[in-house]
Amino acid sequence: MACLGFLLPVGFLLLISTVAGGKYGVAHVVSENWSKDYCILFSSDYITLPRDLHHAPLLPLYDGTKAPWCPGEDSPHQAQLRSPSQRPLRQTTAMVMRGNCSFHTKGWLAQGQGAHGLLIVSRVSDQQCSDTTLAPQDPRQPLADLTIPVAMLHYADMLDILSHTRGEAVVRVAMYAPPEPIIDYNMLVIFILAVGTVAAGGYWAGLTEANRLQRRRARRGGGSGGHHQLQEAAAAEGAQKEDNEDIPVDFTPAMTGVVVTLSCSLMLLLYFFYDHFVYVTIGIFGLGAGIGLYSCLSPLVCRLSLRQYQRPPHSLWASLPLPLLLLASLCATVIIFWVAYRNEDRWAWLLQDTLGISYCLFVLHRVRLPTLKNCSSFLLALLAFDVFFVFVTPFFTKTGESIMAQVALGPAESSSHERLPMVLKVPRLRVSALTLCSQPFSILGFGDIVVPGFLVAYCCRFDVQVCSRQIYFVACTVAYAVGLLVTFMAMVLMQMGQPALLYLVSSTLLTSLAVAACRQELSLFWTGQGRAKMCGLGCAPSAGSRQKQEGAADAHTASTLERGTSRGAGDLDSNPGEDTTEIVTISENEATNPEDRSDSSEGWSDAHLDPNELPFIPPGASEELMPLMPMAMLIPLMPLMPPPSELGHVHAQAQAHETGLPWAGLHKRKGLKVRKSMSTQAPL
C-alpha cells in the first residue's frame, strides 16, 4: 500500500505535466471557406517552431511539386537565383517533392528564393523518415545559414491540400509544434477499463466455482424419504446439466506450449504478411467477441420472467428459450455492425472496447488453470514471448523497431490500412500533434489483461475453497493495478512501447506467493488443493446464508440425538453397583473417518437387532444429511439376555451383524456422548 500511495501521486503529476514537442508538428492550412490541420515531421535538433498557432506566421502556400529542387538538375528556380530582384517565393511557404538531395540542400535553395518555410512531400513512412535529418551532405558545412523551418508532409496530405486549391483561391499555411503531453488522460481510462475487467473476470470465475461446489454438495446429500426421491432426482439432474454447461476448460502444460507456438507463428505471419492475416485476426475477434457478449448477457436475460415461445417439440431449437434466441440474434447484429464500421475513428472504438471487454470476461470465466504450477508456467512463458518480441527483435529488423510495435500499430506501408482489433483503444483526450499523426489512440493489448487475469481468477477460486474472505483475490487485483502503473511509468521514461507482462506478471505472481507464505498455505496454493479446508463458499453471496441454515439443522438433529441417547443410557444403567460406565466424547476425526472403528461402540455390541426392522439407507447417501433415529427408540428392540451359556453365541452373532448394519456409524458424531460399558452384563 505504501508503494501504491507513492505511485498514484507520481502518476497524477505525469498526467498534468507536458514536454516540448520532439519531431511532430502541425501544418494549419486555410483557404476562403475551408481549413484543416495536417501532421508534419521535423527535426527538433535544428528547427524551432512556435508552440501555438497564434504565434505562427500565416503565409501563402507556393506549389512547387512539379519542378525538381536539387542542385545540378534542370530547375527554373536555380536560374532565378542569378537574378535576386525576381523572387517568386518571397514571404511564402513552398511545398516541393522529395528528391535525391538532403533536406538541408532543399531548404537552402528555398531560402535563397525568399521562402519563409518549406514543406517537403514524401511517400515513405514515419519510421523510414526518422533517419532523415537536416545534416548536409558535407559534414564540414555548417547549418547556421539555414534559418527557415523545414518539415516533411505526407503525400496523401499533399493531394488533399491540392484538391482545395483549384481556381483562384489563395491557400495559406502556418506551421507550429504544440507541446506534447508525456502521458494523456486516456491512459487513466485504459487503466480503469483494464483493472475493472480483470477484477470482474476474476470475481465471476470465483462465483462460478462457488456455485459449482454448492451444487456438488447438494447432490451428495440426499434424504431417505420416499416422497422426496423424485424431487431430489430431478434437482440432481438439473444441477448436473447446469454443471456440464458451466464447467470451465482446464489449461494443461501441453496447452501452454501450443498457445506460445501459435502466438509466435501468428506474430511472424502478421509481420511478413500483414495485409492477409489481419483479416484472420478480425474474424477471430468477431467470433470470440460475439460469444463473449452472449455469455455476459445471457445470465441477465435468464433472470427475466419472459414467456417461452412454443416451438415444435422436434425442432432443433426446441430447448432454447425465445429470449436467448433474441439475444443471440442481437449479438450477431452487433458484430456485423462493428465489422462494417470498424474503421470509424470517431465512435467505433467504443464498440470495439465493449466487445473486447466481453471477450476477455468470457475467456477468464471459461478457462481455468487448476494449479499454480500450471498458471506460473503459462504466465512465465508468455512473459518471455513478450520480452523477446519487444526488446530483442529490434536488433533483427531493418527499421530498428520491434516486431510487436509494428504489428500492434500496423505497418505504415500497408495497403489495407487495417488495425488489429485485439486491443483496448482510447483516443487521445488532449489536443496535440500526436492526435493528427500516427498515434491518435493509446492501446493496451488483450494479452496484458487476460494473462494476468488468469492468476487473479485462480486466486478467487482458491479463496472460495479455503474460505479466506477474498484475501488472495484482492491482493492480486491490487498488484495488477500497481504493475500497470509501473508499466505506464516505464513507457514514459523510456519513450517506447513496453512489454507490459514483464511488470504485470512479476507483481501479481510475487504478491500471490507472498500472501500464501504469510498465511502458511503455500503448499495448498501451489497445488490448488484448497478443498481440504473447505468450510463454506466465500465468494458466493448467497452461499453463506444457506450454510448457516444447514448448520442450524445439523445442530438441532445432533441435540435431539443426544437427548435420546441419554434417556436410553439411563435405562441401561439401572444398577449402578454392577456396571461401571464412563462418558466418551467422539472427536471430529473419528466422526468423519468411516474406517476408524472407535472403541466407543463396545457398549452397543451386546445388542442383537434385526436389520429388517431398521430404515433402509441408500449407500450413496451422505452421512451428514442422513435422518437420525434417537437411541431411545432402539432400546425396546433389544431382547432379553439369554443364559450365560448362550451369551458367547449371541455376542458373536451381534458382532457379525454390526459390520453390515447401516446404523453402525450413527453415533460417531462430533461432541456426541455415548456410555461405554466396562463390564459384562449379568444374566437375568
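Any Cβ shown, glycine's included, is placed from N, Cα and C.
If you look up Swiss-Prot, you'll see Asp386 (among others) marked as active site. Other C-beta atoms found within 10 angstroms of the C-beta of Asp386 (active site) number 23, with every protein chain shown included.
Positions annotated as active site by Swiss-Prot: Asp448 (among others). Listed in sequence order, Ala194, Leu484, Thr487, Ala500, Leu501, Leu504 are the same-chain residues six or more apart from Asp448 (active site) with CB atoms under 8 A from its CB.
Sequence annotations record features per position, and here Swiss-Prot assigns compositional bias 'Low complexity' to 227-238.
What Swiss-Prot records for 582-592 is compositional bias 'Polar residues'.
If you look up Swiss-Prot, you'll see 594-611 marked as compositional bias 'Basic and acidic residues'.
According to its DSSP assignment, Asn100 (N-linked glycosylation site) is coil. Annotation source Swiss-Prot lists N-linked glycosylation site at Asn100, citing a curator's inference.
Under the heading region 'Disordered', Swiss-Prot lists 216-242 (among others).
Annotated region 'Disordered' per Swiss-Prot: 548-614 (among others), in sequence order.
Under the heading signal peptide, Swiss-Prot lists 1-21, citing experimental evidence as support.
Taken from Swiss-Prot, the feature topological domain 'Cytoplasmic' covers 208-253 (among others), and the record attributes it to sequence analysis. Mean pLDDT across the topological domain 'Cytoplasmic' (208-253) comes to 65 in this model.
Annotated topological domain 'Cytoplasmic' per Swiss-Prot: 298-319 (among others), in sequence order, evidence recorded as sequence analysis.
Annotated topological domain 'Cytoplasmic' per Swiss-Prot: 366-376 (among others), in sequence order, evidence recorded as sequence analysis.
Per Swiss-Prot, topological domain 'Cytoplasmic' is recorded for 461-472 (among others), and the stated evidence type is sequence analysis.
Look at Swiss-Prot and you will find 517-684 (among others) tagged as topological domain 'Cytoplasmic'.
Reduced to three states, the DSSP call for Asp386 (active site) is helix. When Cβ atoms from all protein chains are considered, those within 10 Å of Asn100 (N-linked glycosylation site) total 9, not counting its own. Tertiary proximity for the topological domain 'Cytoplasmic' (366-376) is limited to same-chain residues at least six positions away from its ends with a CB under 8 Å from its CB atoms, namely 205, 248-253, 256, 295, 454-455, 457-458, 461, 509, 512, 525-528.
The two recorded residues Asp386 (active site) and Asn100 (N-linked glycosylation site) have their Cα atoms spaced 39 Å from each other.
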